[in-house]
């Protein structure tokens, strides 16, 4: 009896991976939908309500997990057979899930239902097609990078807001961009970074904040510099076979960034790793400006005690600005009990009915549909935020698609170590050579 | 270990103790009821420890990412492990943490316990000493992380007011020490109570004898208290060293292993390998090595401290 109890217990543990959901077939169904951004839950709840109204047989149940728990929870759910029918997905994660057969391809469904892929911002829809030509998602939003600055600090430094939109940058002397950063940096005695007697070891306000070393992505840390310097992540994107982290253009950009730390204009790795985060530090007036992603805009404007404005990222040696162009989509689990319902919901999320009529008006993210972008700009403007520095990248064609690659988690691990080390002055930029070799070895 | 006062109590020899042992037949009669009592724990042990350990040992010989079936690759993970500088770094960082954490925690707890024992029996004081332990690990870590923030934290503001330079508590140089100190702060009260319980088991007569012999408080501590505490201390050390090796949450919510790899302790590395990089086979190999290591350390500790024997037997 005891033996069988043990066996039963063990068997339960082992077999819990094979459970089936409650509903099946067509007819009324509940669609389990997961997302990670709490700030976006209200707008998608509104979409879910609209969807239910249009399709009374389907009900959408939304569950939100914080980003830190999201992917663990999702993986465990896949293993135990309790994965959501549809979930918000990320470009850095979906290739692994797709290659392991966890996602439902929607290639045929898109063709069957004649979804017009040209309605999305150019390039976004292609991000969700894997090497074997299968499509797994329809774009729901996009993001770009801009500079957020503290308007009072800018005034104190005697810099006009107009100057902020014409800044240029180069890896040799940093251009007018570095001049502004230096000017905005203030030490404890009130000396500015460009004044004689500036004490770089006792800085009260850094001209430019830093979030992390950026690992191999550097989306809001260094990608706007490296790419305006003519650098690309890899030989091709998506699905590269060779990465370019050892490229001289990348190295000279990183060297320039470390020089800002050395000059005391940007906090050191020791300081930022001993800090709770860029947003709170900026909110406390310790950073005069930061480089940030569009999805965080509202969070910055919600900070009490600081007034902010946006400026575009600087024009680089290529004569152009640059921003990564990233976006989310919804994926369908391969094991969903109700593929029809799941597809109907995904299609609705990717339609103007959700993106233009609901999401755009909430002014949290930029919807992927072209016509909805103007709508979102207007909604942001109504909230007192001029978001042109984000959207101008799309209009001017200065966006670069985020790298989509196999082995991304391993690349991140290697590059976190390497970039942390370089920005901590524990190794010089030539440490990128062995790191890049190691990364390329992952691709055989 | 030999003190005049203790030697006064005759030490038992192997043959003298079990003179009251019950007859053999009686013990067999207790067996069914004993099994009933042991069973719930045994089932839990089998399901949640033995089976996962066996499966973990098997998975360490495979390439496994949870979503596709494991593929047997023999000792490849272990071969890779011994050449992995991050594994050795994780061991080094964890060892630094354990030494700093156990060192400070044991000394402070011992002082606290002796003070509690010799100076006050107040429940309020005991409660206050235990307070940090009652707060969740993650909360303790986050509160300290905020307080020690380089630019915003109250501690660094005080340091600056006192005329010193701000300190990067979670930087590459101090990170692991800071994390060790945070956990020392949280655990010292609990450890002090364990030691305090050990102190209560020491019969007052030996202290009276020490007092009659004219021993000072200091000398009494070294010659009476400490030797008689040995079994309790052995238990406390084994538990706290193993617990200390398992540091994870404090790292996870503060530094995340960085900067560079300065705080990438072994458990965090295992977690990162498994749940971020989906390299569960390799993570299982890391866990197996850690298991052997911890078993070895626990065995050594128990042997060296003769934890099963008490100097008080027969006293």
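Cβ from N, Cα, C; glycine included.
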For the transmembrane segment entry in TrEMBL, name the matching range from B:73-95, B:280-302. B:280-302
Where TrEMBL places transmembrane segment among the ranges B:10-30, B:31-51: B:31-51
Contact between the transmembrane segment (B:192-212) and the transmembrane segment (B:97-116) is defined here as three or more C-beta pairs under 8 Å separated by at least 6 residues; is that satisfied? yes
Under 8 Å, at least 3 Cβ pairs, sequence separation 6 or more: does that hold for the transmembrane segment (B:167-185) versus the transmembrane segment (B:280-302)? no
For the transmembrane segment (B:128-147), the candidate among B:31-51, B:232-260, B:280-302 having the most Cβ pairs under 8 Å is B:232-260
